[in-house]
Amino acid sequence: MTPERDSLAAVLARRDWENPAVTQFNRLTAHPPFCSWRKADDAQRNQYAAQIRSLNGVWKFAWFSSPQAVPENWRLEDLTEAGTINVPSNWQMYGYDSPIYSNITYPFPVNPPCVPAENPTGCYSLTFCMDDDWLTEGQTRIIFDGVNSAFHLWCNGRWVGYGQDSRLPSEFDLSEYLQVGENRLAVLVLRWSDGSYLEDQDMWRMSGIFRDVSLLHKPTTQITDFHLHTHLNDDFTQAVLEAEVRLAGGVNDDLQLVLHLWQGETLAGEARATPGSEIIDERGGYDDRATLRLNINRPALWSAETPNLYRAVIQLRTADGELIEAEACDVGFRQVRIDKGLLLLNGKPLLIRGTNRHEHHPERGQVMDYDTMVQDILLMKQNNFNAVRCSHYPNHPQWYALCDRYGLYVVDEANIETHGMTPMNRLSDDPDWLPAMSQRVTRMVQRDRNHPSIIIWSLGNESGHGANHDALYRWLKAEDPSRPVQYEGGGADTAATDIICPMYARVDQDQPFPAVPKWSIKKWLSLPGEQRPLILCEYAHAMGNSFGGFAKYWQAFRQYPRLQGGFVWDWVDQSLIKYDADGKPWSAYGGDFGDTPNDRQFCMNGLVFADRTPHPALYEAKHVQQFFQFRLLPGEERRIEVQSEYLFRHSDNEILRWMLAQEGNQLASGEVVLDIAPQGRQIILLPAFPQPETAGQLWLTVRVEQPLATSWSEAGHISAWQQWPLEEKLCVSKPTRASVAPVLTMRDGEFCVTQGNLRWQFCRQQGWLTQFWRDDEAQLLTPLIDQFTRAPLDNDIGVSEATRIDPNAWVERWKAAGHYCAEPALLLCDADELADAVLITTAHAWQYQGATLFISRKTYRIDDHGEMQIDIGVEVASGMPYPARIGLSCQLAQVNERVEWLGLGPHENYPDRLSSACFDRWNLPLDAMYTPYVFPTENGLRCGTRQLRYGAHQWSGDFQFNISRYSQRQLMETSHRHLLQAEAGVWLNIDGYHMGVGGDDSWSPSVSPEFQLSARHYHYQIAWK
């Protein structure tokens, strides 16, 4: 460029950010990550490379409302008003304009390729020094690993180039622009570009230089690309490593290429070649390419279970053997293919235990650091995940190396989504957009294809299905036939996918949407002519208190071989930290930054909170997906069959521990070392059990423990468990000593019952137990009344909101029927004094606008031991929406900091999400009984409860309960968890019945029929002492 054309005005006049044919100027061709080692040993050991210089750190920064507002002199010198910002970062996290959370709707008027004139612009600059070592010879490159959404680069006032696609590197040759001594970079980043039309993912829309920036020095004669292929024979005992290498800069026949393959510190193989490829066509071959091959006998194969890695070092040497440079990467020998309708890895059919993962951090936005990436992987491995889908864009380059090392199967997904288009395929069927889409697919493959963890390529997400997809599918199959391709858009089973990969298809229920029906996953397999495997690209929408019915999917996966698992939506809540006036942090979601449009709390669908603490749903995923399955075999002898679902791992680090307990009290225990081949079984004979001396239910529990630490778990990690109820020991109860019979006193408006130091008061006008005294100390702050509602879950709300009511949502049906506004009308309140007890009988009709919704009948029997037995019968009116719960509620006066119960726990569980809950006697702090969902909802239920103790109170029966400092009303009316205010005493909810939470998706009613309260009559009993 001439100096005039270097000017900011000249560059901006072209409006490259509104031209889909322009995705870059002067950007170098994509390639695997380079280090340009100058010592082969350093490359082998992946040690520090002196040829890389990080430019991360503090940069000068100025923000403008549009690129036209940027002063011309900015490219030459720092502005006096410029502040500073850390790189990498999103500038919204520093208070410059606002993050926007939108699921589908574009955050600007849809008029492709145009974007708003008011286009927030970040102006970055950095001054750094260069000595002449890098400038006298070779090439100096600058690498931006991720910039959102488009940017222009100047160096020392001269325009260098332009790049877009926020999730892949942009790399430029700076050699001609640099000078010895001080140098200045200037980077103009645009928030919106035509590329933003291809980046309409369900996530926060943020901007800036949010991945690493670095300099790389390469020699003049250099390696510019290398592609590693691993080939295995039919029985996987012989392998060939093939390295295709490209060179540039003075390539001649005197150069040597050397390939070393290392297994740890052992050299496993060596190959040599000189530049020059095989003959390609009638014009010959490439003189700047070479292929090196070496054979490996009995390779240690790579899988997520056994992530065996080799290290390939490619050396470019002179004729005299002097090293010019070396590049290297880890290698995993593995084979991926689809055969007879099954996705196979190394010949074995995979069962994908997967999750979708956005790159998100509550304080750093979309900036990923090493520790957070490792934390995510360790949590996934510890909770029995073996796969991750990079939703919906290529991830930080280090992520893939970590997945290689720790062992996760990866779906690498192109940064393409046009969900807000009408129709969705408007761009993907437009040839003008093929170049932009092509760059996003081809560059992803060129960067990432050497990673063994990547087993599937994805063409993107929710972009309909168009001719551009078909063209890119064909390119992928030609360029990399070693991996299948998946793409869900257009119906999940188009010609552009090797895998049927629906999102939110249900197990048995068809959803016959126009044009793109979602068949049940069982039906999809049997469609005429369909032979592909089915792997759900998204399922089990884990938004808030959700994830019900997850076990049902896994029953189907294990029953039908071609149902090969799926990827849960999704891994981490995308809440962001804000600070209140006192500097206290709180978790924000869509709309909390004044962002418009926004989709509220729909950004929080994670199995873990944004800080990576687990949701209760994570425990359900761990248990349902566990790699060991158990059966208690029939017969007089106690035998347990343990089946391994590992495909490649022998159980060389597992002990099975068993325990026999009665009512939470351990009677016997033992342990057995597991010795199970991949996909094998082991029968374990347990010793004769001791006979219990008292009545009560027996439970047999087995746990698989790893005695030794692994790369992803500590010693003692429990990877699988199961529990069975055994026969209940029956004993003749011993007669109890007679006590003083309770006394009934009838006063004006009250029934009072006294037994020893206990006294109960019933209101005759209302029919409620209004007070309970123990040693003259009042125990209740509110009466014990019926409860039929819950603070709505996200799944109850669906897509309903104040400006757009969905009458099919559970919450709207409950509102319309009057469940939240029903008032009790007393039908009966009577008392009777027996020889050893007092009976109080009540009946209420719960009414709304003259219609009766529920009739509740109760009998309170207070006996001579001070125990109150409550017998409850509820009749539900016909034609009503099924209730959320059938139970009782009251506010207890005393606060005790511990809760003890005999039942399912220790974590929150619901009727359709309790596979992971274990029956035992639990004792937890009161605050641990509350699940801190960012958007407050019903939470904290414990099912299958036989006994509950809280302070001096004891309850027994067969019930579900939650106990909380917050009422259902407050949970329903509060928008964020930090706004909840602890109330006096505690709220106790005891349910005889509770509806499931659902979770197949969160925008339509998804509670399976068997977990809905569809009966007309209900009966349950509670004893309170």
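Cβ coordinates come from backbone N, Cα and C, glycine included.
Residues N103, E462, E538, Y539, A540, H541, N605, W1003 are recorded by Swiss-Prot as substrate binders, and the candidate that the same record lists for that site, out of D202, D212, D225, D339, is D202.
For E417 (Mg(2+) 1 binding site), the Cβ neighbour count at a 10 Å cut-off comes to 25, with all displayed protein chains included. With N103, D202, E462, E538, Y539, A540, H541, N605, W1003 listed as the residues that bind substrate, the site has a largest C-alpha separation of 18 Å. The Mg(2+) 1 site is set by E417, H419, E462; from the centre of their CB atoms, other residues of the chain with a CB within 8 Å are I104, D200, Q201, D202, H392, T418, G420, M424, G460, N461, S463, G489. Look at the binding-site residues N103, N598, N605 and count other Cβ atoms within 10 Å of each Cβ; N103 has the fewest. Same-chain residues that are not part of D202, F602, N605 yet have a Cβ within 8 Å of the Cβ center of the Na(+) site turn out to be N103, M543, W569, D570, Q574, D599, C603, M604.
Least packed by the Cβ count within 10 Å, out of the binding-site residues Y539, F602, is F602. Neighbour counts were taken as the number of other C-beta atoms within 10 angstroms of each residue's C-beta; across the recorded positions D202, E462, E538, the minimum falls on E462. You'll find the Cα of E538 (active site, nucleophile) roughly 15 Å from the Cα of F602 (Na(+) binding site). Geometry remark: N103 (substrate binding site) versus N598 (Mg(2+) 2 binding site), CA distance 8 Å. For the pair N598 (Mg(2+) 2 binding site) and E417 (Mg(2+) 1 binding site), the C-alpha distance works out to 18 angstrom.
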